[in-house]
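Before I ask anything, let me first share the structure, which is written out below as structure tokens.
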Amino acid sequence: MVRNVVVIGTQWGDEGKGKIVDWLTDRAAGVIRFQGGHNAGHTLVVNGEKTVLHLIPSGILRKDVICYIGNGVVLSPGALLDEMSMLEQAGVDVSGRLRISEACPLILPYHIAVDGARELAKGPEKIGTTGRGIGPAYEDKIARRAIRLQDLFYPERFASKLKEVLDYHNFLLKNYYHTATVDYDQILDECLKKAERIQPMVADVPKLLFEANKAGNNLLFEGAQGALLDIDHGTYPFVTSSNCIAGAASVGSGVGPQLLGYVLGITKAYTTRVGSGPFPTELADTTGEYLAQRGNEFGSTTGRPRRCGWFDAVATRRSIQINGVSGLCITKLDVLDGLEKLKICTGYKSKQSDRLYDALPFGADDLADIEPVYEELPGWQACTAGIKDFDQLPKTAQNYLKRIEEVCQTPISMISTGPDRIETIVFHHPFG
């Protein structure tokens, strides 16, 4: 029986999706990226070898898996070719196994220029973007002025569209942000040179995915960022520029929603966030530092330190609801080793009144008024790193995980106890 799986992050990204996607690909024929761009940072460790992918699907390290980049992804030609070169130098066949939708909007140098100028102008109020042009590229898409991948293979069409959209962005850069403009000829020459390498990988992705599913092949949809960064459902305006929830897998790949099956929600055993925005359970103390150091909490895309805090069951429940999560995968359990006490946020209360919340408020303004209500549990001193059998975990670790299941009202399907694909405990395989 064919079973397609959608993998999404239930927090603010950085939950460990890359490792889990890589692990799941032993039963998948295809892996699909359906949103975001090269602002994603998916870290994979195979036999001790670390690989960080930003754009190419994590299934690329399995030699028999076909990888797809769907229309929902904003594509940087330069980032794509750089990542391909990195993988090919390591002996990975990329061009023969990568299919890219011709409908992908392109990220070009003027998007990066606008992104940087905007963040600089906002000063302390900045969103904390990766600075890679993701937001401005999505803006062009919605405004119907985007240059898409298919345009790149028609030089006259591309040149005409580039001039029109660059005039718009250069006017903005010069007259609103009072910063340097971007050179037309340089972009034109660079893009046309890159087109030749990219063109053989361009394909009708919706058609290929439909045919793969019809042939009985399992498909794995790889989400980027996390549900709490979703443009509609996240902590707006401190969000990313795309829909990060499971439903976006359909829109961003061209696969009908009836073909999506199991939704696996990746969730850290604690909580982290990169950049600005509300974070109810954040720990600005030695415990937060402990989590950051043990968890090596630095962004794989930007290198920025991640903010760390206790597990937030209220926020996770919101993600479970909006994604239709079938089961959870708890990652980085081993980071909690050595802590005497642990806390789980089971509710919020208003700072101004006695009002209690059992659901995540929408938007950053409402979140600024709340503080967490905690339930305390005993920690454990034993090492859980690399354990592959639930019964071998300390009893207090087992109880912690069971309590997460109870307060999130969702079963745990998998537990990750280390970065390598083999360091995994499995209760229920998402592919059945």
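The backbone N, Cα and C atoms fix where each Cβ goes, and this holds for glycine too.
Got these off Swiss-Prot a minute ago, pasting:
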type: ACT_SITE; residues: Asp14; note: active site, proton acceptor
type: ACT_SITE; residues: His42; note: active site, proton donor
type: BINDING; residues: 13-19, 41-43, Arg306, 332-334, 416-418; note: GTP binding site
type: BINDING; residues: Asp14, Gly41; note: Mg(2+) binding site
type: BINDING; residues: Asp14, Glu15, Gly16, Lys17, Asn39, Ala40, Gly41, His42, Thr130, Arg144, Gln225, Thr240, Arg304; note: IMP binding site
type: BINDING; residues: Ser300, Thr301, Thr302, Gly303, Arg304, Pro305, Arg306; note: substrate binding site
By the count of other Cβ atoms within 10 Å, pick out the sparsest of the binding-site residues Asn39, Thr43, Gln225, Thr417.
Thr43
Near Asp14 (active site, proton acceptor), meaning Cα within 10 Å, which of Asn39, Arg306, Thr417 (binding-site residues)?
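If one measures from the Cα of Asp14 (active site, proton acceptor), the binding-site residues that come within 10 Å are Arg306.
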Between Lys19 (GTP binding site) and Arg306 (substrate binding site), what C-alpha distance do you get in Å?
19
Taking only C-alpha atoms and a 10 A limit, tell me which of Thr130, Gln225, Gly303, Arg304, Pro305 are near Thr43 (GTP binding site). These are the binding-site residues.
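So the list reads none.
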Please name the residue among the binding-site residues Gly13, Gly16, Gly303, Pro305 whose C-beta has the most neighbouring C-beta atoms within 10 angstroms.
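That would be Gly13, with the most Cβ atoms nearby.
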